[in-house]
Amino acid sequence: MITRGDIQNISGYKKPQPPEKKIKLRKFNWSRIMIYLVMIILVAITGYTLTHLDTANVKIGEAMHGLIMTLNQIFLQPRAGSDGIMPLLSALGISLLLAIMTTIIGAIIGFLFAVIASRNLTNAYFGAIIRVIMAVIRAIPTIVWVLIFSIVCGLGTNAAILGLSFHSIAYLTKAYSESIEEIDQTTIEALKVTGSKFWVIVFQAIWPTIIASLVSWTFIRLEINFANAIAVGAAAGAGGIGYQLFVASGMSFDFHEVGFIVYLIIGVTILLEFIAVKLRQMYTTK
Amino acid sequence: MSSPIKFLAQKHRKQTAIIAVIGSIYLLSSWILNFDSFSGFTAVPRAFNWLGVNFFPTSASVELLPQIWKKLIETVALAVSSTVVAAIIALFVAILGSKATGINGYVHVVVRGIASFFRNIPLVAWAMILLFSFKQSDFTGFLALLLMTVGYLIRAFMEIIEDEASETMMALKATGASYFQVIFQAVLPQIMPSLISWVLYMIENNVRDATLVGILTGTGIGFVFDLYFKSFRFDAVGMTILAIIIVVITLEVLSNQIRKVIL
């Protein structure tokens, strides 16, 4: 009679032992820990804020009812209201021009600063100073810039143009210089070896290489500037469609007109987005 | 193939045309908007001169610092909480709507449309509409930021899911994993770093936008700023701006460091 034990003895067979340690399904890494940490902190802040939120004793039910009534007026019954269509359209045009103009100023000056501020082109210290200044300019909200300039130039389009341009310059300087820093160093060195001057390098090597991302960033900024132009018109009285929106919703409470204005604005932003997408395709497929 | 000379000449003409178009748009705009470029830009040094003199914090404004600081922290907390709530909503909607994990093509189109709609309604309109129903309270600011952020994050999350998680998803599906296993074991872990990065970016953005919402709805740091500004207490305004700069730059540096670790 051969038993199981005999087979084991003969063949030296041993029952498989479970491994000493569990196989690790996940490797330890800082990335995962950081993600959890950030999530916990953010959720904790949110929880604390929401439980301590000042609601000014508004009854949520009533307020929601009112909101739905207002939204109904805005989105389902838009009307040009007492202002008429033409003044609203011209105000829309002013906001759009404001956005285009400040984007042009921002793009031109921003590009010059970006070239100076890029690490792979110029003196590191000089670039660092410009980056710090731009970071400070960007930290101040656009509306605050406009209000600051309105003290010197008076309320109106001049203050709006300067304020919006300031923020655009700082934003585009950062965006452009990041694109410039992505350029392969050898391209620049190859031109330097031929004895090319600084601006020749910029316009013959850098400009053509980053034109696609330049265009795409500029159009992103145009969209932002249009939104900002509206905000500035409302909060700083700088004119344009934003001011009409502010008057209609905060003073005359004509929500039919608010609806009309909102639809106009949505139309323009969707148009801008469409143009941006088309341009991006044009430059990336080339 | 055109000769190099022809090519260069064509390129030159094209560049000249583009510059001419941009230049004329600029001139036309400045004519319509009544903007005198020269006097406009010379106003900049004057403005800074004026700023240096009047905005310089005095001892009176230093005393206001605790009050400004409290409002600023409240504003940051509001920006964080609106972004986090928006991110949670947007994640659900994005999973339902994205091409990779979504229900079907129709839902995808509808979700994209809704996201675009929320994104394109200006923040000013949200703030004013909500102010009318919810009165002057932090909750109004919270809702305005929330609705705006949801629109941005839905689009961003959908693109992230489609770009980053499609392959891992396919691999897991091939093993026979169920829909929820795929979502929780493949999609979420895969997109988490980009997701957090976007949330941090929106927080930075919302802190800045919260100032605008605050001016319109009379809450947070925007209200403090507006109050001092309209009562011509420029030293206090300067103090407020200084505090905003410090907080925004701190947040930017912090989130850049976090991004370096997680991405």
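Each position is counted from 1, following the chain as shown.
Just so it is clear, glycine is given a Cβ too, placed from its N, Cα and C backbone atoms.
Curation does not apply to TrEMBL; its annotations are automatic.
The shown structure was predicted, so the numbers you read here are calculated from the model rather than taken from an experiment.
Listed in TrEMBL for this protein:
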- A:92-276: domain 'ABC transmembrane type-1' (DOMAIN)
- A:33-50: transmembrane segment (TRANSMEM)
- A:88-116: transmembrane segment (TRANSMEM)
- A:147-169: transmembrane segment (TRANSMEM)
- A:198-219: transmembrane segment (TRANSMEM)
- A:226-246: transmembrane segment (TRANSMEM)
- A:258-277: transmembrane segment (TRANSMEM)
Open item on the list: Are the transmembrane segment (A:147-169) and the transmembrane segment (A:88-116) close enough to be called in contact, which here means at least 3 C-beta pairs under 8 A that are separated by 6 or more residues?
Closed with: yes
TODO: Sort out the residues at least 6 away from either end of the transmembrane segment (A:198-219), same chain, that have Cβ-Cβ distances under 8 Å to it, and list them.
DONE: 103, 107, 111, 115, 121, 172, 175-176, 179-180, 182-183, 187-188, 191-192, 272, 275-276, 279-280, 283-284, 286
Task: Intrachain residues whose Cβ lies under 8 Å of the transmembrane segment (A:226-246), provided they are six or more past its termini - done: 83, 87-88, 91-92, 94-96, 98-99, 102, 142-143, 146-147, 150, 155-157, 159-160, 163-164, 167, 257-258, 261-262, 264-265, 268-269, 272
